[in-house]
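> Dropping a structure here in structure tokens format, bear with me for questions.
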Amino acid sequence: MEKKLGLSALTALVLSSMLGAGVFSLPQNMAAVASPAALLIGWGITGAGILLLAFAMLILTRIRPELDGGIFTYAREGFGELIGFCSAWGYWLCAVIANVSYLVIVFSALSFFTDTPELRLFGDGNTWQSIVGASALLWIVHFLILRGVQTAASINLVATLAKLLPLGLFVVLAMMMFKLDTFKLDFTGLALGVPVWEQVKNTMLITLWVFIGVEGAVVVSARARNKRDVGKATLLAVLSALGVYLLVTLLSLGVVARPELAEIRNPSMAGLMVEMMGPWGEIIIAAGLIVSVCGAYLSWTIMAAEVPFLAATHKAFPRIFARQNAQAAPSASLWLTNICVQICLVLIWLTGSDYNTLLTIASEMILVPYFLVGAFLLKIATRPLHKAVGVGACIYGLWLLYASGPMHLLLSVVLYAPGLLVFLYARKTHTHDNVLNRQEMVLIGMLLIASVPATWMLVG
């Protein structure tokens, strides 16, 4: 395995995977569920939680540098084979669904250039024309990554720099157009008819979604030139992304009043740019979104392919997925990931699902892997500061599970259940020194049984 990724490439990988499609729709998404007061509290909670999670990853890369398989290996080392697999399965599903959402939003953005009231070509990214285009992009990126992760990471660095230009222009114009009276209008969201704390809870999956990818450097840490760069890259990217998100959401509420902002079509940043600089604003943001999402898609494809590969090398996924090609790219894992993405694209066309549906599912699947990072640090930490970070990361993880609501937890059970069958099959393809204990066998049985009523309740 080649170790060629330096600090700049690792930082770009993390930042690009976070700054994807979400930031361009963030103004409307937040305005629809939260007042300025709730938004400030929500970002405070999320900022603190994500920084604790980033610090937990930084500490773990320092005290357990040999665990270079990312969040999957933390869960496995701390809580056994089954929990480790569940972390890998949940993270991989999140990555697959995130990739589908990026392909959908790219062609939704292209509709700004092609669609008219008389002609709906790309629509919301779920027309047959969009699916054909998304499939072509999917396989172009697939063969690019087969040429080697370093090649893809270099292209991603350029894409990350390019996406910051339209975001920077938006922030500068929004600062110039910001009106404090507009920002303070209905500051606590009385018009929403929901208490402030409930509004805060409603922002949690949205704010988590735009930070998914924070673990990017940890996932590819086995390919890092210097292991100490992994933690630095994570912190640099988190602080940069948090600054961008705060500016974009808070300034937007000072340009357009919250009720009006909540009605703007996504990507809502395009509508705001039209308010600030005329028709050209929409084109600039749509073009920026396309570059941004393509960069994020490239990052997520690298990370998505890495997970089954690493899990297979640790005997959690079937042995075939541990294969690499001559360029040291995880070829079998990449084929698995992109075939699943292709199937999901066809399902999107058949069901008419959109970006927001995919956002919710992807956010839900990442909750357990993130919680297990904090739990592992809490388990092995010896210093008081490290224990405090572990406690904080665990509390944030539990809060997210609570905030996501019971229906989303049911969805998690349904999506984890088929993974257990993969886990049991994988154990047959490897020679294992350790046998599953009674608690793990009971947990497998409970999850499989619980998936039946959970499926019925979701369908019903």
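Sequential numbering from 1, following the chain as shown.
Yeah, the Cβs are placed from backbone N, Cα and C, and that goes for glycine too.
Because the structure is a prediction, the values reported are computed rather than measured.
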> Same topological domain, and so the same side of the membrane, for Phe122 and Arg147 in Swiss-Prot?
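Membrane side for Phe122 and Arg147, as annotated in Swiss-Prot: different.
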> Which listed stretch (93-113, 126-146, 158-178, 440-460) has the most C-beta pairs under 8 A with the transmembrane segment (5-25)?
158-178
> Where does the mean pLDDT land for the topological domain 'Periplasmic' (26-38)?
90
> With DSSP helix as H/G/I and strand as E/B, how many residues of the topological domain 'Cytoplasmic' (379-384) fall in helix, strand and coil?
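Going by DSSP assignments, the topological domain 'Cytoplasmic' (379-384) contains 3 helix, 0 strand, 3 coil.
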> Is the count of Cβ pairs under 8 Å between the transmembrane segment (39-59) and the transmembrane segment (158-178), pairs 6 or more apart in sequence, 3 or more?
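When sequence-distant Cβ pairs are counted, the transmembrane segment (158-178) does not touch the transmembrane segment (39-59), since fewer than 3 lie under 8 Å.
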> For the transmembrane segment (93-113) and the transmembrane segment (283-303), check the count of CB pairs under 8 Å (sequence separation 6 or more) and say whether it reaches 3 or more.
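Result for the transmembrane segment (93-113) with the transmembrane segment (283-303) is yes.
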